[in-house]
C-alpha cells in the first residue's frame with residue numbers, strides 16, 4: 001500500500017483495533033483519540049480529589065477521630081491507592097489488555113463511589129453529631145460496623161483505581177506511533193497535557209466541591225463527584241472506536257522471573273566475550289508479534305548469563321533470549337533509579353494555589369521552556385528525563401524550607417496574640433502561604449510529569465503498564481513512610497515529655513520542626529538521586545524517530561539562521577543603494 005511519511009497508512013508499532021486488526025493512522029489514535037482520554041481525566045480527577053481532599057475533615061467532624069489518627073488513616077489509604085496499580089498493571093499486561101482492565105476497574109470504581117455517597121448520607125452509618133464540642137474525645141465514637149463500612153468502601157475505591165490509574169495514561173501514550181516522527185513529537189507533549197487535565201479537574205475539586213462539602217452537605221459533596229465519575233466513564237466509552245491497542249505478549253513479571261532464575265542457575269557459567277554468541281530469537285519472530293529486538297549490553301552483566309547456551313536444557317527457566325534479558329535489565333534499572341523517590345514526602349496538602357501554579361507551569365514548560373532548551377541542548381525533549389526529575393527534587397528542598405519558615409512565622413504571630421492554647425484563628429492573610437504553593441506547582445511540573453513520562457518511556461514496549469504502576473508505587477511507599485514518620489516523631493517527642501509536633505491544636509504544634517525534618521530528607525534524597533542517575537543507562541530508542549526529530553530541529557534552526565543572514569544582507573545592500 002502506498003506509504004505516507006513515517007511508515008505508511010498503517011501504524012508501524014504493532015497497534016491494532018479491539019478485534020486485532022491493523023489500524024489506519026488517519027482513522028485511529030493521535031490527538032483525536034487522546035481528546036477523550038484527557039476529558040475523562042478531568043472528570044475522574046474531579047471525582048477522586050472530591051473525596052480525598054476533605055477526607056481528613058470528614059473523619060474528624062463526622063466519625064470523631066483525632067487529627068493525627070485521621071491523617072494517618074487517610075495517608076495509609078492513599079498509600080494503598082498507589083500500590084494497587086501493580087495488580088492492575090499485571091492483569092493488563094498479562095491477561096486482559098489495558099482497555100478491558102480499565103473498563104472493569106472503572107465499574108468497580110463507580111460502584112465504590114456510589115456506596116461512599118450512601119455511607120455519608122445514611123444516618124445509621126454515622127455516629128450522632130458532636131454538637132459544639134471542641135474536644136473530639138468527648139464525642140460518641142463511630143462503632144466498629146460504621147468504621148468497617150466506611151473504610152471498606154474506601155478500599156473498594158482503591159481496588160478500582162488500581163485498575164484504572166496505571167492504564168489510562170498508558171492508553172493515551174499508546175495513541176502515538178514511535179516510528180512516525182510527527183507522532184513521536186506529539187508523544188513528547190502528551191504527558192504534559194495529561195497532567196494538565198489531571199490538575200484542571202483537581203482545581204475544581206479542591207475549590208467548588210470542598211466548598212459544597214463544608215457549607216452544603218457531605219451527601220451532595222460526594223454525590224457530585226459520583227456523577228462526575230459516571231460522566232468520565234461515558235466519555236471514555238464514547239471514544240472507543242478511535243483507540244489503538246497494544247498486542248498482549250504475556251506476563252512481564254513471569255518473563256523477568258525467568259531471567260533472574262536462569263542467571264542464578266548458571267552463576268558459574270562465564271559470559272562469552274562476543275555478545276553475539278548469546279541466545280536470541282530470529283528477528284521475524286519479533287516482527288510478527290509487533291515487538292522489537294534489543295541488542296545485548298554490558299550493564300548488569302550478571303543477567304547476561306541467562307542467555308548463555310549450555311546445551312543442558314533449553315527450557316524458558318534455563319535460557320532466555322537477549323531481548324528478554326535486556327527488558328528485565330531496563331525494568332530493574334528504572335525501578336532502582338526511582339526507588340529513591342519513596343522518600344519524597346510532600347510538605348503540605350495541595351491547595352487551589354498549588355493547582356493553578358501547576359497548570360500555568362505545565363503550559364509554560366511545554367510551549368516555551370522546551371523550545372528554548374532545545375536550542376541549547378539539541379535534545380527534542382529540551383532536557384533529559386532525569387534532569388527534569390532532578391530539577392523537581394531540588395525544588396522540593398526549597399518547598400520544605402519555605403513551608404518551615406512560613407509555619408514558624410505563623411506560630412510566632414499566634415504566640416504574640418496569645419491564641420496558642422485556645423487554638424484561635426491566626427491574624428495572617430491566606431496569601432502568606434502563596435509562595436510555597438506556587439513552588440509546589442512548579443515542583444510538580446518537573447517531578448510529577450517527569451516521573452510518569454520516565455517510567456512509561458523507559459519501560460520495555462510490552463511492560464508499559466507495569467512501568468507506569470511503578471511510578472505510582474513509589475508515591476504509595478512515600479505515603480506509608482509519611483504516616484510512619486508522623487507516628488514515630490509523635491511517639492518519640494511524647495516519650496521525652498513534650499506534647500508532640502502535630503496536635504489537634506495546630507497553634508500548639510510544631511509543624512515547622514516536621515517541615516525542617518522533611519527538608520533534610522529531601523536533601524538526602526536529592527544527593528542519592530544524583531549518585532544513582534550518574535550510573536543510569538537510558539533505554540535505546542526502538543526507532544530512529546528521535547534522530548529524525550533532532551535533524552528536523554537542526555534544519556529549522558539552520559533555515560532560520562540562513563534566512564536572517566539573507567535579510568541582513570539585503571538590508572545592508574539597500575543601505576548603500
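Every residue, even glycine, has its Cβ placed from backbone N, Cα and C.
Computed from a predicted structure; not experimentally measured.
TrEMBL assigns the feature transmembrane segment to one of the listed ranges (144-166, 167-189, 190-212, 259-281), namely 190-212. Among the ranges 8-28, 218-238, the one that TrEMBL lists as transmembrane segment is 218-238. Outside the transmembrane segment (46-64) by six or more residues, the chain places 70-71, 73-74, 77-78, 113, 116, 120, 126-127, 130, 136, 139-142, 146-147, 150, 157, 161, 201-202, 204-206, 209-210, 213-214, 218, 221-222, 224-226, 228-229, 232, 349 with a CB less than 8 A from a CB of the stretch. Just going by CB pairs under 8 A, the stretch in 76-96, 190-212, 218-238, 385-405, 513-537 that sits most against the transmembrane segment (426-446) is 385-405. Within its own chain, the transmembrane segment (218-238) is flanked in space by residues 36-37, 39-44, 46-48, 50-51, 54, 58, 62, 102-103, 106, 109-110, 113-114, 116-117, 120-121, 205, 209-210, 212, which lie at least six positions past its ends and keep a Cβ under 8 Å from the stretch.
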